[in-house]
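Asks: Let me give you the structure first, and then I'll get to my questions.
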Number of protein chains: 2
Amino acid sequence: MKVFVPEEIGFCFGVRRALQLVEDELRKGGRIYSLGDLIHNPQVVEELRRKGIKTVGELSQIREGTVIIRSHGVNPSLIEEARERGLKVVDTTCPYVLKAQRTANLLVQNSYAVVVVGLREHPEVQGIIGNAQSGKIYVIKNSQEVEKLPFMKKVGVVVQTTETLDNFEDIVKNLIKKTEECRVFNTICKVIMRRRALVRELARKVEAMVVVGGRNSANTRQLVEMCRSIGVDTYFIERKEDLKLKELKGIERIGIIGGTSTPEQTIKEIRDELLSLDQSHNSFKINIHHS
Amino acid sequence: MKVFVPEEIGFCFGVRRALQLVEDELRKGGRIYSLGDLIHNPQVVEELRRKGIKTVGELSQIREGTVIIRSHGVNPSLIEEARERGLKVVDTTCPYVLKAQRTANLLVQNSYAVVVVGLREHPEVQGIIGNAQSGKIYVIKNSQEVEKLPFMKKVGVVVQTTETLDNFEDIVKNLIKKTEECRVFNTICKVIMRRRALVRELARKVEAMVVVGGRNSANTRQLVEMCRSIGVDTYFIERKEDLKLKELKGIERIGIIGGTSTPEQTIKEIRDELLSLDQSHNSFKINIHHS
């Protein structure tokens, strides 16, 4: 069996940064709370819990100590409220998410209606909306939904960082006829764009793909969908233990990839597990360059 | 034979306005020159010539009197030069064209690269370019050409007023991945958009379409292309005399339409000519509403 693992796997810099900030805080001691799961990976969240980070759903559950704002960002009013209540705030909002938030805010300040492309219920979209509260804001997830929008003289568009370029492009294409001025900000995460291009290329070279990551991770789920749409056998797992080794026997060429909140270590464990399947094992690092 | 003529035919308000300004000038007397044909309709230009309007290709050909800037607009430096040379300037630039010009200028002032969607050699595009001289400007005519563009952090897009929405949308869709911010101004003429929607509907109801207008009129040529792509027999003529009546005998339902620089009178003459073909003649005005 030949196992292909891209050079660039594991956490994106936004997730690495968030975890680093949390580790720094852990060293300082005190009670530390995460407002929602820090990242969309149950195993990492469980490890943080063991280290003393407690996940809470509401700010009201925290009486004292430090509150971690996760990389997806939040409504800025929440940060204000936490500070007013005397809590220490460690804000790990991803710089790409922050840019989408600030752009939405700037658009509202300049009298643009704002269209957010993404899923209304996703915490990142909720944070973007929170940053543009005083304006007209529409969240849409596909180009069919554009039809429901009114005519807007000036509209600005931002996009959830994990959105696919294809869907974003289709939405903008359909939005143009509904506006005089349409100001489009491509806030899709560059790391995710690159990883998708890499996975697209890898999936075409192999018989099967193992995609590793949290079931609740938007960007991991999209990698799974992409692989399946290419037509390659695709296994979506969270941990090494989820591997169905029997099903994989006899496969000659297999690829492994993770989402941006999947630890590199998990990928490597899975690679080793696959390599243990037969004696003529081989692992290849592949590096695919994309702009 | 049933002949269908839309309610809204003839000149658009930009062309009507240009002709009115020229008529006003004619009443005042003096030598009057048009810098290029006033509109893209040889018959109208010929009539203006008989009234005393001389068409010249270059400003240097005019020694004294009035120079008419046609509805397509020009490079603003030309207007300046004309005034410096002591000529009276009557500027009939269409308000829609003026908006595209001013937008391109504003974009350059705000450090945007500018993409003009349209035909480089068209006078309107030349005028837009002239209004954005100090900046980075790219003229592209289709989405394939987007591939040749460099990555641009901030790009603004304006579009030739006679461009089709489909082509414009495809270009913007492809441009998005090449930019961080893409500020799109839909400067396509609303009259032309409405007329296209009307012709699309009419062409599906009839056996043949007669499209009337100058061979050099971009918006008339597009109506012809649209009818042909719908699959209806389409006759592209400039004047009543171009009608091949023999070919049209036996047709039960026929539609007539003109471009925005085609006189209503020409359409009516053609209608009457068609109605003379048989005794059971009938003419229908149709009115199709589109937003």
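Glycine too: its Cβ is placed from the backbone N, Cα and C atoms.
According to TrEMBL, the feature active site, proton donor maps to B:GLU124. Taken from TrEMBL, the feature [4Fe-4S] cluster binding site applies to B:CYS12, B:CYS94, B:CYS189. Among the features that TrEMBL reports, (2E)-4-hydroxy-3-methylbut-2-enyl diphosphate binding site is placed at B:HIS40, B:HIS72, B:HIS122, B:THR161, B:SER217, B:ASN219, B:SER261. For B:HIS40, B:HIS72, B:HIS122, B:SER217, B:ASN219, B:SER261, the entry in TrEMBL reads dimethylallyl diphosphate binding site. Sequence annotations record features per position, and here TrEMBL assigns isopentenyl diphosphate binding site to B:HIS40, B:HIS72, B:HIS122, B:SER217, B:ASN219, B:SER261.
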Asks: Counting across all protein chains present, how many other Cβ atoms fall within 10 Å of the Cβ of B:HIS72 ((2E)-4-hydroxy-3-methylbut-2-enyl diphosphate binding site)?
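Replies: Excluding its own Cβ, B:HIS72 ((2E)-4-hydroxy-3-methylbut-2-enyl diphosphate binding site) sees 27 Cβ atoms within 10 Å.
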Asks: So of all those binding-site residues, B:THR161, B:SER217, B:ASN219, B:SER261, which one's Cα sits nearest to B:CYS12 ([4Fe-4S] cluster binding site)?
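Replies: Its closest listed neighbour, by Cα, is B:SER261.
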Asks: Quick one: what's DSSP say for B:ASN219 ((2E)-4-hydroxy-3-methylbut-2-enyl diphosphate binding site), helix, strand or coil?
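Replies: DSSP assigns B:ASN219 ((2E)-4-hydroxy-3-methylbut-2-enyl diphosphate binding site) to helix.
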Asks: What three-state class does DSSP give B:GLU124 (active site, proton donor)?
Replies: helix
Asks: Write down the Cα-Cα distance for B:HIS72 ((2E)-4-hydroxy-3-methylbut-2-enyl diphosphate binding site) and B:CYS94 ([4Fe-4S] cluster binding site), rounded and given in Å.
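Replies: Here the two Cα atoms are 7 Å apart.
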Asks: If one looks at the chain holding B:ASN219 ((2E)-4-hydroxy-3-methylbut-2-enyl diphosphate binding site), which residues at least 6 apart in sequence have a CB under 8 angstroms from its CB?
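Replies: Same-chain residues close to B:ASN219 ((2E)-4-hydroxy-3-methylbut-2-enyl diphosphate binding site) (Cβ under 8 Å, separated by 6 or more) are B:THR162, B:CYS189, B:ILE192, B:ARG195, B:GLY213, B:GLY259, B:THR260, B:SER261.
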Asks: Specify the nearest of the binding-site residues B:HIS40, B:HIS72, B:THR161 to the residue listed as 'active site, proton donor', where nearness means the distance between Cα atoms.
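Replies: Nearest candidate: B:HIS72.
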Asks: Starting from the Cβ centroid of B:CYS12, B:CYS94, B:CYS189, the recorded [4Fe-4S] cluster site, name every other residue in that chain with its Cβ within 8 Å, sequence order please.
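Replies: Leaving out the recorded residues gives B:PHE13, B:GLY14, B:VAL15, B:SER71, B:PRO95, B:TYR96, B:VAL97, B:THR161, B:VAL191, B:ILE192, B:THR260.
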Asks: Long-range neighbours only, meaning 6 or more apart in sequence with Cβ under 8 Å: which ones does B:SER217 ((2E)-4-hydroxy-3-methylbut-2-enyl diphosphate binding site) have?
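Replies: In sequence order, the residues whose Cβ lies under 8 Å from that of B:SER217 ((2E)-4-hydroxy-3-methylbut-2-enyl diphosphate binding site) (at least 6 apart) are B:ILE39, B:HIS40, B:ASN41, B:GLY259, B:THR260, B:SER261, B:THR262.
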